[in-house]
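Each remark here refers to the structure printed beneath this line.
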Amino acid sequence: MNFLRGVMGGQSAGPQHTEAETIQKLCDRVSSSTLLDDRRNAVRALKSLSKKYRLEVGIQAMDHLIHVLQTDRSDSEIIGYALDTLYNIISNDEEEEVEENSTRQSEDFGSQFTEIFIKQQENVTLLLSLLEEFDFHVRWPGVKLLTSLLKQLGPQVQQIILVSPMGVSRLMDLLADSREVIRNDGVLLLQALTRSNGAIQKIVAFENAFERLLDIITEEGNSDGGIVVEDCLILLQNLLKNNNSNQNFFKEGSYIQRMKPWFDVGDENSGWSAQKVTNLHVMLQLVRVLVSPTNPPGATSSCQKAMFQCGLLQQLCTILMATGVPADILTETINTVSEVIRGYQVNQDYFASVNAPSNPPRPAIVVLLMSMVNERQPFVLRCAVLYCFQCFLYKNQKGQGEIVSTLLPSTIDATGNSVSAGQLLCGGLFSTDSLSNWCAAVALAHALQENATQKEQLLRVQLATSIGNPPVSLLQQCTNILSQGSKIQTRVGLLMLLCTWLSNCPIAVTHFLHNSANVPFLTGQIAENLGEEEQLVQGLCALLLGISIYFNDNSLESYMKEKLKQLIEKRIGKENFIEKLGFISKHELYSRASQKPQPNFPSPEYMIFDHEFTKLVKELEGVITKAIYKSSEEDKKEEEVKKTLEQHDSIVTHYKNMIREQDLQLEELKQQISTLKCQNEQLQTAVTQQVSQIQQHKDQYNLLKVQLGKDNQHQGSYSDKTQVNGIQSEEVGRLREELEELKSNQELLQSQLAEKNSLIENLKSSQTSPGTNEQSSATASARDSEQIAELKQAKSVPVPGESEAGMATKTTDVEGRLSALLQETKELKNEIKALSEERTAIKEQLDASNSTIAILQNEKNKLEMDVTDSKKEQDDLLVLLADQDQKIFSLKNKLKELGHPVEEEDELESGDQDDEEDEDEDDGKDQGHI
């Protein structure tokens, strides 16, 4: 405060004396007036003066205004005036209207007044409490004032809000305000609050900020929305950038899926407003925040997986291949797709399958490479395509193989109808545009990165230089261009390609050394004293020669390791060689390229180093330096160590494979175990059910046993088997009664049959003539047919003394009676047959009952055996318990002898025993009564 007064006193162009007095009078009225209307009018007047006389109002009125906020909270109008006045004092938004000749010191008034305001932390807490007021005239100026405080002294205000109870939560309520002005300014407030403060970012995220912000973006029309959408996206960036916890929360909350509609831009060639371009640009940057190479690999891959599964990557590829997309959006889309597919095999495979909507369709990779090697395309677009190609090949051996295969003779299209990626890279590698040379060389180097197989395959590539001349290898053509003295950018690109190609590939080193012109060229380049521009080329030549020594397998006698080192010592000098080698890492652009994988350069002349190449230099610089100073004996020892390490690596690989197989077997066994556990649980359930059923059967058996015991006192030996397998004794009795009835019926029918037979015999005897020679009495036991025949025969013999009419009448009578008897006999036979069948069925039922009784008898025997076994077990347990009691008794005696106090529990035990004996006696009595 004293400092500000001094500043005011030193101002030559300050306010007039009357205006200063006016401000003083207004302050006196605010502090001393008892009427609310007077205080309100005074604060309104201070508000009107605060913009023009900011310093004076701030010095004299700030304390009074804070006092108003504390004491007059019941009147929203005076609170609103006070907040507006404080905002005018602290905010620098009106600085543009200040005349140019105003002193620079006045520009710092905002931060100085802010420092005075937050010196008492209660002032910030008071402001936070005022934001809970729903009144528009209080809430809106409060939001603006707090935003201004955060802009002036962000970290200090953030710390005060962080320690304030429910401070952040109160501010989150602003996003739910139905008044768009307050909601939109609340977004700006949260932007300032979350800037560079991880703790507040986490609190805001867990206060459901993602859900609310995404809802606002959707309500406003996604990418077609206004500046509110941009503000929400910037706030989302603040919450997610470099905050792994919030990124994981965003992914786990399935918010990535809600980003897909942002990129439904269609194929319209028009309708790209400036705000829409800005919104889409920030949206793409937000996607890149989630899959940034600087994030932890696990978090990045999980976000990449989610983006593929929800269709976000497919949507981005649609924009990539669409027409009419603005150049800056297309460039940022390429960069975004690059990081979404980087190092994630599934996304890389999908990107390889994307085709451009052309006739005939071409792969998206080919279309992008055509833009990269076209010098008429914008520089930033060419850089983006190179980055996309690098990300496509990053940790993607399958993709590397596909790119290299397009250069091999067996896969080149002889008709020339289609252009392959390999042909475009070769065209760019040997074009007249140095930037195309550099981009193609770096892209091809990425196709060989950490892939010894493709390094060897690329040695097979042959190029036709001109008609009539034999083809030359790609390796030889690269060295030929180097020796022709092309532009520095071209030579740097080719040297980086050769260094990547030859590293960790002795066969490529042998091919390179086989050309006798290569080593003299390199030594000549290194040995010369050239200007600063050529020092980088000298360093790269030294690196290439060092790689030729370090990865040399001594297969060429003229260029063995020892001979090459002698050549360096003779023509260059070891110290000079190491110094030239150090030019690479000392270059000003080396450290810039080593920071991020994306080739982001302000202009083409800065495009010198590739990120992956800087890692290779860092890896090889030290080992090459050691290799140059090593003697031949040390080289031999190193070779032996290398062989040992190779053997060790092979053993390790073998064991890794074994471990992998064992892991697979373990997984299978785990699955089997889980299956067996399920089966075991099912069997345990079945066993439990069976045990309960057995117990029920035991109970039923005991009941049956009791009932059978009672029945045995009144019935015979057969009656003890009456209750069999659910057949009750009443049923057996009923069956017996039916059987007795059937037997009596059968006897009755047999007696009736005997009577009928005797009657027939009588009739036969009465019809027989005394003079007849045939004796019918001898055929009494013949069949009915024979009897009928005899009767017919007797009928035909005349009886003396009878008339023919009398004989005819008798014959008719006999025939009628005979036919009736035959009919009755037939019916009796049918009844007998039916009774026999019924008797057979009853016998079968009795046999089944007997078998069931036998089964139950077996079960009874088993149960008796179980009871016997359980009795034995109980006896054994009683013996064990008796032994245990004896041991405890002896141990207590020993303890008493040794003088240790022993708690006497005998009385309790005797009491328990008495209780048990009483219970046993009661049980015995009950059983006796039963």
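Placed from the backbone N, Cα and C atoms, the Cβ positions cover glycine too.
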Given ranges 585-619, 725-759, the stretch to which TrEMBL attaches the annotation coiled coil: 725-759
90-145, 818-873 - the one TrEMBL records as coiled coil: 818-873
Helix, strand and coil counts within the repeat 'ARM' (60-97) (DSSP): 32 helix, 0 strand, 6 coil
For the repeat 'ARM' (60-97), sequence-distant contacts whose Cβ falls under 8 Å of one of its Cβ atoms, 6 or more beyond its ends: 23-24, 26-27, 30-31, 36, 39-40, 43-44, 46-47, 50-51, 54, 107, 109-110, 113-114, 116-117, 123, 126-127, 130, 133, 135, 137-138, 141-142, 144-145, 148-149, 151-152
Stretch-averaged pLDDT - the coiled coil (652-700): 86
